[in-house]
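Positions annotated as domain 'Amino acid permease/ SLC12A' by TrEMBL: 126-298, 415-693. What TrEMBL lists as domain 'SLC12A transporter C-terminal' is 707-824, 838-1084. Here TrEMBL flags 199-220, 255-272, 279-298, 414-434, 454-480, 500-518, 578-600, 612-636 as transmembrane segment.
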Amino acid sequence: MPHFTVVPVEDSATSNYDSLEGINWHHGLGLLFFSRDREDGHGNHKEDSPFLSSADTDRKTDFYDRNLALFEEELDIRPKVSSLLSRLVNYTNITQGAREHEEAENTETSRRKAPKSPNMGTLMGVYLPCLQNIFGVILFLRLTWIVGTAGIVQSFLIVLMCCSCTMLTAISMSAIATNGVVPAGGAYFMISRSLGAEFGGAVGICFYLGTTFAAAMYILGAIEIFLKYLVPQAAIFHASDHHGGDSAILNNMRVYGTICLSLMAVVVFVGVKYVNKLASLFLACVIISIVSIYAGAIKSVFQPPNFSICMLGNRTLVRDQFDVCSKTVLEGNVTVPSQLWRNFCSSGNMSSPQCDDYFNQNNVTEIQGIPGLASDNMWGDYLEKGQILEKAGLPSVDVHRAVESVGLYVSADITTSFTLLVGIFFPSATGIMAGSNRSGDLKDAQKSIPIGTILAITTTTLVYFSSVVLFGACIEGAVLRDKFGDAVSKNLVVGTLSWPSPWVIVIGSFFSTVGAGLQSLTGAPRLLQAIAKDNIIPFLRVFGHGKANGEPTWALLLTGLIAELGILIASLDMVAPILSMFFLMCYLFVNLACAVQTLLRTPNWRPRFKYYHWALSFLGMSMCLALMFISSWYYAIVAMCIAGMIYKYIEYQGAEKEWGDGIRGLSLSAARYSLLRLEHGPPHTKNWRPQVLVLLKLDEDLHVKYPRLLTFVSQLKAGKGLTIVGSVIQGQFLDSYGETQASEQAVKNMMEIERVKGFCQVVVASKVREGIAHLIQSCGLGGMKHNTVVMGWPYGWRQSEDPRAWKTFIHTVRCTTAAHLALMVPKNVSFYPSNHERFTEGTIDVWWIVHDGGMLMLLPFLLKQHKVWRKCKMRIFTVAQMDDNSIQMKKDLATFLYQLRIEAEVEVVEMHDSDISAYTYERTLMMEQRSQMLRQMRLSSAEREREAQLVKDRHSLIRMGSLYSDEEEEVVEPVADKIQMTWTKEKYEAERRNRNNAPENFRELMSLKPDQSNVRRMHTAVKLNEVIVNKSHDARLVLLNMPGPPRNTDGDENYMEFLEVLTEGLERVLLVRGGGREVITIYS
């Protein structure tokens, strides 16, 4: 079955990193049929249509295709297969590297020419670039020293560990790279799209820092070759004695390194095309240098080169300090002291010499630095800093005195250990991402990347293994341990083995290190530009801009400054472990990405490369982690802290991206597993916490009417548990989808402002009360369902002639009771504190009248966890009747609170039986008269017609409706725009009778006697309100048991009046109704 890789072609003047994930170009040839993205106003990309947009002419043709008449209405968004396939030929892979930058620097005509199709094969596109990036400064400057210090066996182990790590990483990388097109950014793109923006940004920055420090390392290597072996006379600083030699070398490295870095930055700024044109030359230098090493090793077997080293006893001498390796020389027939003698002796007179004791008691011998295959360097010889290089087996007389004339011996410049050598060698195994970075230039990226990368690693590994053997077998151990070639007249140690001349290696390694430094300075700014253009780290946005042709100018400037920090360190051996940490961190997450994708088995995980396994990825990840701590545990911790801080910053501050990453898939799998486990039953009382469904009200402009409701919930939840914010739109779903999306966005924006972490759900229903019932029934999933409903109070219900507002409210109360859910109704919510306010004193008063599960005890405790309410004290009031022992009640309540571990003041309020006051009787009478009068008004036919007309006129103004009003509650007959009546004699008589009955109805209202049950309820409400206002008039918040609605719906309006009377005179009231289960316990 044919496989198509389809991506858009970008104009040459556009940056290579524009929209790595969202295909947003408006100047290309079209849109990607896999994902056409749009922005939602916050910089986030959302999938809009999964198909290619057709041209208008194509649409017309498609519409009139007789054989597809069933699909003709959708052919504009769902094109015919033939149309789709015909367009595929116009697409090609995204061109990578610096090709578009080169074209942008040319003339206008070259800009307009059609982009060439990628035609690079495995050899030129992947294999050779990887070789160029992997081989580098360590091979030429440090591998001989590593072999001499660690020995062949341990050097083999170092190479095996590092190359095994990169090989396993290459396998994982091949799987990711062949699972679709990898645009610019290489490892950053792969990790970010596999593990998410947080991991991608963190590892992308680490990879960027690693590449930047790699540039510094290559520059330091080039300067070391320049000052040590090419032009030693160019040194600016000179040591006054042997103790000042190190500081003089470091200062020279800093000065020349800064000059070299500046020149390279200028070259990269002027044009990357020059770097690309020189790349082939630099690669040729690397290959020629390696070939010369092998040729020299073969020649040394038959005819070893003459590189003799001078030994005093078993100590190695610095060769350039004298001319003849002897204590005396024969001038004519006279034996005179040699230059070596004069270096060790203060007097040139041989009859009475004042010489170094070790010099007097040991002989001077000369041995071959390259004895052929006769060297024995199987085992290591680790040295302390300042320790003199010695050769085992040579006779030596020890002198137990302080070493004199230290500057004449070859000594170790740093203390060596196995872990240090691992950190120094690992950069020579990096560079495996070069092929994946150029995927757009490849003819068949999914075939070339795995083969080329793995072959390159195999080749370099074999070269390293063979080099270890050749160096250990062909070069004398004392020379190998001589890092700078002091024993062989300041020659590059690996150069002594090369053929035909040491200068082949010196010049070749110099140009290869310069080239590698230029490549790093070219790649690092583009990587930073890719991260900046993804907009996941806000403070890096400025580095996404550059010159008109897309060159990352600002990113190059930052890269130069960071590389200068590496230059100021001035030691190749100190910089190498730093970049090892950053590369190992990057490789670790490449392996993690492959392992996560493999274990999740997401449908889109279909790599062309089949030779991968999650176990190999985990092994590679473990090796990366182990190598980090083996190399340098403190650098490893610093690198992980940097990555962790970037991760948390992106998580907290960065832009949210939906890239279909593996971490999102992992979260879904974990959520599914947890939800299935939660299904087994309700949570234990100890684990109970309010999982809140907030019923919000939107105004005509789709704005949240009472945002303080969300503020209260955020203070109650403090980021814990489940929060669902729901709202209802009245209408038909097919007609209101756009309003639904706008409403959801408005609610989400308000949730973000109020820092409420949760979910939003807006439903469309023909009646508001039905929508609320749907929300109460269906919100949540499995065990993650709400157990508490928060709703606002229907303000102004008394003044409104429309009963639908309070009827919807009471219907919601009944629904929560039927669903066994707890209910909270904050009254006067606009007076509740914002998240920026602080109560420095005051009380939260709980009026515990009836027990309904302990919600009243738990809620103040949860509120006090928030900084707004933290300083408030908690008081609990309970009501004692005549037959209750109030003193014993207070003791029992205090004991109960002690066992609950809740600190609160306790007070028992005694309510004596009293006669029903005239005020209570009169208030009940007024309530019932009002209800009766409104009921009669609603029964009037003329009133009913006017009400219908009012509803019709107001329909356009209150399209959204109120959460607590229901425009379709009463069945209203449709009426004409203007009511026209034809008066007959019968109608006239009926209207006159209605008018005559009006005084009778009024007399009936005046003679009405209140219902006794209503009087009793009003009496309770009035008495309780008096007590509560007396005790809690200055409380910051009053929590109160909410009475249930009457079983008989005829008394609904009276129920609202009772609640009003109960809460009169209180600034902030929270009415609480339990869900019918215990939510707090005294047991541990």
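Residue numbering: from 1, along the chain as shown.
Cβ coordinates come from backbone N, Cα and C, glycine included.
Quantities reported herein were computed from a predicted structural model and do not represent experimental measurements.
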Legend entry - Interface check, the transmembrane segment (255-272) with the transmembrane segment (500-518), three or more C-beta pairs under 8 A: yes
Legend entry - Winner by Cβ pairs under 8 Å against the transmembrane segment (279-298), considering only 199-220, 414-434, 454-480, 500-518, 612-636: 500-518
Inset, instruction - Using a Cβ cut-off of under 8 Å, list the residues of the same chain at least 6 residues beyond the transmembrane segment (612-636) that approach it. - result: 161-162, 164-165, 168-169, 171-172, 174-175, 419-420, 422-423, 426, 577-578, 580-581, 584-585, 587-588, 591-592, 594-595, 598-599
Legend entry - Integer average pLDDT (0 to 100) for the domain 'Amino acid permease/ SLC12A' (126-298): 86
Legend entry - Spatial neighbours of the transmembrane segment (500-518) far in sequence, C-beta under 8 Å, 6+ residues away: 132-133, 135-137, 140-141, 214-215, 218-219, 221-222, 225-226, 229-230, 260, 264, 267-268, 275, 278-279, 281-283, 285-286, 288-289, 292-293, 295, 491-492, 494
